[in-house]
Amino acid sequence: MDFENDQLYNWLQLANLESFYPNFIKKNVSCDSFLSFTMQDYGNVGITSLQDRKKLFHLLQQLKKQTPPISNTSSPVINSNNNNNNNNNNNNNNNNNNNNNNNNNNNNNNNNNNNNNSSGLRQPTSTSSLLSNNNLMSTQTQQSSSSSSSSSLSSKSNSNSDFMQKAQQLLKQRELERQQYAKQQQQQQSTQTKYQSSLKDFDITSSNKNNNLDDFFEDDNLYSQQQQQQQQQQQQQDFEFEEEEEEEDQQQQYDEEEEEEEEYEEDFYKEDLGEIDDGNVLDISDDEPDPNSSCIIVEGSPDEEDDDVEYIPQNESLVNGFGSMKIQQQQQQQFQPLQQQQQQQQQQQQQFYQQQIQQQQQQQQQQQQQQVQQQQQQFNNFNYSGLNEEQIKYYQQQAQYQQQVQQAQQAAIQQAQQAAALAQASQQQLQQQEQQRQQASNFFLDMNEYGQRIRVCVRKRPLNKKEIAKSEKDIIEVLPKKDLIVNEPKTKLDLSKFIEKHKFTFDGVFDESANNYQVYLHTAYPLVDSIFHKGKATCFAYGQTGSGKTHTQMGQQGDGLYALAARDIFHRLETYFKDQLQVCISFFEIYGGKLFDLLNERKKLACRENELQNVVIVGLSEKHVTSPQELMNCIIDGNKIRSTGSTGVNSDSSRSHAILQISLKNIKTNKLHGKFSFIDLAGSERGSDTYDNDKQTRKEGADINKSLLALKECIRALDQSSKHTPFRQSTLTQVLKDSFVGNSRTVMIANISPNQSSSEHTLNTLRYADRVKELGTSESNSNKKPVATYNIPAPLPPPDHLKQNFNDPILIPSTTTTTTTTATAINSQQPIIQQTSQPVSKIKQPVKQQQESQIPQTPQQQQQQQPPQQQPQQQQYNIPQTPQQTQQQFNIPQTPKQQQPIQTQPPMSPPKIDFVNYHRNHVDQFADILKKELISINQFESSKGSIPLENYINNIEQFLDSKQLLINHLRGIIQQHQQQPIQQQQQQQQPIQQQQQSTPQPSQLQTPQQRERARSQLQPPKPSIYSSRN
């Protein structure tokens, strides 16, 4: 062991790492284990700095190259000696052959020691040289120990015995080296004799060079020496190149680690853990958290916190004073109604007249004040000298009288101004009432659409502050007519990126510019009327955590669905059902499959069913409320004790399902008249998305997903109209049983996130909502009786801070003429092919064309969009014409007065065609057909004769027909584009021809018989490629 420790010390000394030698001894590191060191073992020995790690790495690489793998069971010393013999033999070949083997070995060993001491780590060292160094070190230590003290005889004897053992080992090594050297010389001699014998047959005279054999041998020796030198140089270069590559790799690794640590520290100190990223929801102080609060704080990296937070749209946050979010809003006000424009003009005119009247009144007041001041100055400057006392009294009385008159006039003016202000206020009130009446008269909801049992709407939130900082893209396109497209980024097998489009259609789609009042009008407000007709209504929000569910339900400054519904319920109650019904509320949550009362200090509840199989919550407290403000105060108090916490995805995540029930009860009998339930579902999240290892948060997430899965199973059972619906699988489904059974109506608001990283969650939410929508459509198809269209009372106006941004043209009933004409015009332009196989994205037309087709258009635009194919039809068929047209047709000569100038219209620009989208759809549909062909081939081959050949051939013909249809469709579009310039030239030439025909030429006059023959020869135009397909 002493020998191995000395050897290890010498190895570390070569790399200037001898200071770490005690750590190697503590860990009992031997020479063999040292050679098998890895990067992970460096820290166990205390080597942590980058430079020391590099030195140790290069030392291990050099030692591994010098000591090849052990084949026999002999000791490592013998193997190292063999390597040394090979090195020594190579060196001896380069040196003179007359020297002895011992001298050569000694010289080589000395040279190796000197080179190692000088070059450090670049030049490889042999284990024999290390042994010689060990011997020298041992002799020096023995001499120093003998000279220092004469009492340590035992230590000397031990050191002498070690020295003898080492000397014997050296002698054995030298004998082995001599034997190997003798064998090598014999081999060289045999090769030389063979070489010389082969050279004897060489014809020297035939060669052009006048060289002797001796010169040839000398050249050969020189050539062999040069080759050896080149090989050695290449080996050294390769070795240095490998070392440089290893150094660069290590530097890159450590640089990356240092950069990650620096970024982590910068993010940690930059981020304010007490503030939400949006900067619009809360402004929490930087003090320590309150120990009495129910918020659960989970430690984690700063990058993982506040990933997705609840949001506030821009149009609401600006009014509240939170202006940090700067998101562009798409204000589409191209097609405002004429009534709104007229009202705006009238208001502007009234404001202008009022400003002029105010200016005139101010000028009159200033003039009166100037007159009063002048009179006072005259009275003050009046000279009373030379007058009696009676005269002075008389003048003073007159001055006082005039002052009283002036004061009376000023008081009358003030009274008139006050009366004018009151009149203006009353006029404004009347105008507001008229506007409200007009809005109420314009308010219209088609109950065939809004009266469905299950309606599904989607709301998209804007990108938050953190997502904008990460430069994430918005992958969701909200189209008119209740459509939605998700551009999901994907990669193919060849690592080429592409975007897969998914199209969804719902009952209502709201983009990021929509506020809570607009969402309320189209989701929850139609249900308010049903609870007054002894019905039950449910509105629940579903979506990923941080997608805006709680903001939709609660809102800010009384603009959430809770507050807006409470306003309309109490307004309807006071106007129609006063002293008949009263309002009672209950507020509870479902946390971990258990019920807790939020209005009674989280008292535990139980869910049961009565004899009529109706759900009853035992122990639930109800509070009688008389105003919307009192209702909102109860909700705020309940939310304070609701279970929330911070997760890896959202810092303020709702960890429970909160349920608010607004019940209408009869005052006399105390029986239930109607019930409205608002359900704020907890955020759905996957276990792989949670970066914290808290057991409680993972358990909460599992309970949330379990309840949502049970809800999905119930919806599926109702959709399939199965006999048994598993409402008892979860507490959530038991509570929601009334929402899906009986006289009930339900609205689901699916909240989605638009960022690219949440594409999978967004698609899962949309598919979940689409499944619920299918349930509603299946039930509506089963009940084919149409609902009578009736109008419900208009809602209350929006809150003050939402009036500026409120613009909802859907409330005004739209005429059916414009929609039908646009549809026919566009269908004539873009014929639809009967698709044999729908693509995955479910898009039959390009997105741009769908947007154009869904925008309402004026009749002029509709005429401009008519295809050019319809123009010759109007000219050729017998269409009723005006007298001017008949005159032009028969070419009747006209007087100069009758000849009117023909107004030439500029040629219409042809509509732009998006060939890329057409081609992409063509390729997608073609690929689907190819997939079906491959499937049919596999089925026919695997059937082994069970499928008849005729069916297989029929399938082939169908595939070919569908391919031909796709090809013809694309060719038709290309031909239509190529014919557009020709049609434009014809349109430009028509007015010129009409001018030429208007001149009287007797040769052009036709008889009636000729005209009849010409009409009989006229034929209708041939049908185009698309006429049969439309």
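Placed from the backbone N, Cα and C atoms, the Cβ positions cover glycine too.
Taken from Swiss-Prot, the feature domain 'SAM' applies to 3-66.
Marked as region 'Disordered' by Swiss-Prot: 66-164 (among others).
Annotation source Swiss-Prot lists compositional bias 'Polar residues' at 68-80.
Per Swiss-Prot, the feature compositional bias 'Low complexity' maps to 81-117 (among others).
The feature compositional bias 'Low complexity' is assigned by Swiss-Prot to 125-164 (among others).
Taken from Swiss-Prot, the feature region 'Disordered' applies to 178-308 (among others).
Feature annotation from Swiss-Prot assigns compositional bias 'Low complexity' to 181-197 (among others).
Look at Swiss-Prot and you will find 225-238 (among others) tagged as compositional bias 'Low complexity'.
Residues annotated as compositional bias 'Acidic residues' in Swiss-Prot: 239-290.
Feature annotation from Swiss-Prot assigns domain 'Kinesin motor' to 453-775.
Per Swiss-Prot, ATP binding site is recorded for GLY543, GLN544, THR545, GLY546, SER547, GLY548, LYS549, THR550, and the stated evidence type is sequence analysis. A coil conformation is recorded for SER547 (ATP binding site) in the three-state DSSP classification, outside any helix or strand. Summarising the environment of SER547 (ATP binding site), the number of other Cβ atoms within 10 Å of its Cβ, over all protein chains shown, is 30.
What Swiss-Prot records for 826-839 (among others) is compositional bias 'Low complexity'.
The feature region 'Disordered' is assigned by Swiss-Prot to 826-915 (among others).
Residues or ranges marked as compositional bias 'Low complexity' in Swiss-Prot: 849-906 (among others).
Among the features that Swiss-Prot reports, compositional bias 'Low complexity' is placed at 981-1009 (among others).
Swiss-Prot lists 981-1030 (among others) with the feature region 'Disordered'.
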Taking the domain 'Kinesin motor' (453-775) alone, what is its mean pLDDT?
86
Specify the count of other C-beta atoms within 10 Å of the C-beta of LYS549 (ATP binding site).
27
Please work out the number of neighbouring Cβ atoms within 10 Å of the Cβ of GLN544 (ATP binding site), leaving out its own Cβ.
25
DSSP-wise, what's the residue breakdown of the domain 'SAM' (3-66) into helix, strand and coil?
49 helix, 0 strand, 15 coil
